[in-house]
Structures are given as C-alpha cells and as structure tokens.
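Read through the structure below, which is laid out as structure tokens, and then see the notes.
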Amino acid sequence: MPSSTSPALFPILYLASQSPRRQELLLQIGVRFELLLPRPDEDAEALEAELPGEAADAYVRRVTVAKAEAARARLVASGKPAAPVLVADTTVTIDGAILGKPADADDALAMLTRLAGREHEVLTAVAVIGADGELLPPALSRSSVRFSNAQRDAYVRYVETGEPFGKAGAYAIQGRAAEFIERIDGSHSGIMGLPLFETAALLRTARVAF
C-alpha cells in the first residue's frame, strides 16, 4: 500500500539578506533561518545596477532572481546542508523613476523632497530557491504610499538621523519616517522589505517549517 507520509519539512531556511527588518519579519511568523551573506570577494551591489529603460517591476524581479541565483551558488560552494534559500529586494518608484538607496545626504534629501506631498509605489519581490535548487515563481508585492507635504527642514532633520541610508527611497516606514506618511494601500510588511503573506505562501511550497 502506498505510503501517505508527506516529505519532511525543512527546520530552517537560508536568508540571503543583511536587512535587520527582513530578519525581524521572518521571526515574527516563526521562521528559523541562517544567514547566507555575500563573501568579501562578491560584488553584491553590481546586481542592483539598472538597465536602460527598465520598468520598476521588471527591475525588482530581475535583481531578486539574480540575488537568489548568487545565493544558491554561494550555498553550494560552502558545502552547507541543502535547504531552501530566501531572497528579497525592494524598490521605490515615482514618475517612472526607480529610487534606490541614497548615495549620500544630498541624494537622500532629493528623494524625500520628490516624494513630499505625493503618492509613490513600493515594490518588493521575493524569491525562494528550493532545497533541490529549483527557483519557485517569484512573488511581487505592490503598495502605494502617500507622503505628507512636510517642510523641507523636517526632511533635513530626518536625513541627519542617518535612518535614510541603506533604504530604498531614503526612508524606513517602521522608523521615524512614519511621521511623514499620510496613508498606505497595500502590504505594510512589503513596504518594510518582506511581504509576509506572499513570503509565507512561498515557504509552504518550499516545505519550510514554521
């Protein structure tokens, strides 16, 4: 008689992200993970380079898949036990332009003043590579955020806190930037950097225990 026993679940996954927010969000839904970060000889930033004329949704999907493939190669080279690998990437877009991580304080201030008093989109793509090395179809979370028309001085003070650096669009919704946000339509966790609804669905497909 055929066995009805389901394949065993993986007790952990590999998270290929340095983002503390993504780590916190995985812990929020009970996922155990081990970090799988780029080696010193890897140029992780090069994967985030834009292609001419590339739309924001195509960009964030492409970057996420590229990061996932790099992480899978890193795992194989490390000799660590096989387990699913999770990668995500977030970008902000307004007027068809992609706003990545600010290069410096002036860049951060320019981004924030561009967002002021207007609505923009936050796109986060999530990719999971199964323990067998197969890439699951990536998920895309799309949210709208409206910033208040705050005074320029308020944005200057925000930049001086250092919080905008390393954040797409130069702000963190879970931090002090919350004072500028009039409303959102979409996924709060997606805006933070890891949409939990879509992520949970991918992890179930990859048979990750949580």
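Backbone N, Cα and C atoms are what each Cβ position is placed from, and that goes for glycine too.
These come from Swiss-Prot:
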type: ACT_SITE; residues: D89; note: active site, proton acceptor
type: SITE; residues: R21; note: site 'Important for substrate specificity'
type: SITE; residues: T90; note: site 'Important for substrate specificity'
type: SITE; residues: Q174; note: site 'Important for substrate specificity'
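Note on proximity: among R21, D89, T90, the recorded positions of the record, the Cα nearest Q174 (site 'Important for substrate specificity') is that of R21. Between R21 (site 'Important for substrate specificity') and D89 (active site, proton acceptor), the C-alpha separation comes to 12 Å. The number of other Cβ atoms within 10 Å of the Cβ belonging to T90 (site 'Important for substrate specificity'), over all protein chains shown, comes to 27. Its Cβ placed at the centre, R21 (site 'Important for substrate specificity') has 20 other Cβ atoms within 10 Å. Sorted by the number of other CB atoms within 10 A, the recorded positions D89, Q174 start with Q174, the lowest. Taken residue by residue with DSSP, R21 (site 'Important for substrate specificity') is part of a helix.
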